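Trainee: Please see the structure below; I have some questions.
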Amino acid sequence: MSASSSRVRSAVSYRVVAASSCCLLFAASGCGLKTAPAAGAEIPAVNPPPAPAKVNETKPLPDDAIRPFRAYVSEEQLADLRRRVAATRWPDKETVADASQGVQLATMQKLARYWNNEYDWRKCETRLNALPQFVTTIDGIDIHFIHVQSKHEKALPVVVTHGWPGSVIEQLKIIGPLTDPTAFGGRAEDAFDVVIPSLPGYSFSGKPAATGWDPARIARAWVVLMKRLGYSRFVAQGGDWGNAVSERMALLAPPELLGIATNMAATVPADVSTALKYGQAPPTNLSADERKAWDQLADFFKNGLGYANEMANRPQTLYGIADSPVGLAGWILDHDARSQELIARVFDGRAEGLTRDDVLDNITLYWLTNTAVSSARLYWENKQTAKLSFFDPKGVAIPVAVSVFPDEIYAAPRTWAERAYPKLIHYNRLAKGGHFAAWEQPEAFVQELRVAFKSLR
């Protein structure tokens with residue numbers, strides 16, 4: 001182990017031990033989960049985690065304390081979820097033969113039957129609790145994160161950020177191959193230390209009680225997090241909001257950040273962006289790849305932006321998805337057409353990267369933490385401060401790697417990527433995968449990160 005690596009691991013170990021008297025079973029800032037049963041109470045036969053140690057009130061934890069975390073959901077909450085799913089009032093069947101009116105009734109009813117009769121949240125809870133999870137307070141908000149350190153020397157730290165409607169569930173499949181590459185066909189020199197935070201307002205992180213938590217503020221918090229973990233050099237990866245946060249980290253240009261990688265790049269040139277925004281004809285000088293990207297974006301702007309417009313303008317109005325688990329599931333499934341088609345096939349019995357449990361692990365996490373509306377507010381926050389459209393280049397000047405998955409909302413052409421990112425260190429078009437790349441195609445995703453960041457080690 002190198003001297004610098006040793007210092008990092010010592011710092012992390014010291015801080016966690018110092019905070020060990022505050023082992024958490026739930027996010028203390030209102031994630032929606034109940035506490036574990038009190039001592040002496042009847043304990044359900046579901047192997048709940050041990051009761052937390054008492055906190056010494058005379059010695060409050062420092063603001064930068066890193067507190068161990070374990071997820072736990074009461075049987076009452078799970079019973080309530082099943083009751084609500086069973087009591088769903090269904091609408092009439094769509095009047096078309098496809099999903100052009102939204103998620104089809106048959107898909108939702110298959111999902112609901114499996115959710116109510118076969119799905120087991122405890123399996124997901126066990127997977128999460130098998131990983132080192134923590135909470136730390138940054139800028140007044142509790143940030144939940146997974147932190148897995150590699151056994152290999154000179155492992156490169158990477159912070160991987162999810163988007164909406166995702167969560168840390170998206171990244172669970174990539175943790176092993178990134179941190180222990182020799183066990184998954186890689187080399188020791190491919191190793192990463194992996195940090196996967198939950199965005200503010202999402203899953204086990206705290207819910208902001210005031211405005212201001214836009215992608216730029218989250219980016220600043222992530223820099224604080226990585227420094228707090230003792231890392232003096234690291235890289236970042238993200239798609240969807242994860243890319244927005246990673247790019248804003250890059251704009252901050254902290255010396256510790258070596259580069260970023262994205263699977264949902266912001267590369268759309270100004271003339272193309274303007275034409276899309278105002279429903280104009282495409283520029284006449286587009287190449288074949290650029291015209292394909294235009295067609296994808298034009299379809300998304302015309303048919304796929306409904307959810308984003310609602311959340312950017314009126315997130316508080318989404319009471320229905322906070323009250324109905326099936327309503328929440330439908331809202332999440334309708335994120336983008338290709339993902340919806342994939343999930344419909346999954347519930348038809350054709351697992352293609354995702355399983356029924358994968359899909360419901362993510363939806364159930366949103367439900368149990370009551371974060372449907374708090375997560376939606378990120379769209380509103382971004383609208384208040386963003387000067388450029390989501391897919392517009394932001395002026396990132398540090399090294400960037402772009403991975404293009406074919407079923408993403410749009411496939412960024414190399415020509416656009418080269419203009420958007422002057423220090424483009426890697427560009428690759430993948431054969432399979434969509435919006436949830438790490439979740440759908442973990443092997444390809446891991447290989448992309450290994451190749452993308454090789455030159456920055």
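Cβ atoms here come from the backbone N, Cα and C positions, even for glycine.
So TrEMBL lists these for the protein:
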ACT_SITE  Asp240  active site, nucleophile
ACT_SITE  Tyr379  active site, proton donor
ACT_SITE  His435  active site, proton acceptor
DOMAIN    66-170  domain 'Epoxide hydrolase N-terminal'
SIGNAL    1-27  signal peptide
Trainee: If one measures from the C-alpha of Asp240 (active site, nucleophile) to the C-alpha of the residue listed as 'active site, proton acceptor', what distance in angstrom results, rounded to a whole number?
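Mentor: The separation of the Cα atoms works out to 8 Å.
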Trainee: Cα-Cα separation of His435 (active site, proton acceptor) and Tyr379 (active site, proton donor), in Å?
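Mentor: On Cα coordinates alone, these residues lie 17 Å apart.
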Trainee: Under DSSP, is Asp240 (active site, nucleophile) helix, strand or coil?
Mentor: coil
Trainee: Taking the Cβ of the residue listed as 'active site, nucleophile' as the centre, count every other Cβ atom within 10 Å, in any protein chain shown.
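Mentor: So the number of other Cβ atoms within 10 Å of the residue listed as 'active site, nucleophile' is 24.
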Trainee: So what pLDDT does the domain 'Epoxide hydrolase N-terminal' (66-170) average out to?
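Mentor: Averaged over the domain 'Epoxide hydrolase N-terminal' (66-170), the predicted model reaches a pLDDT of 98.
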Trainee: Treating G and I as helix alongside H, and B as strand alongside E, what does DSSP give for the domain 'Epoxide hydrolase N-terminal' (66-170) in helix, strand and coil?
Mentor: 37 helix, 24 strand, 44 coil
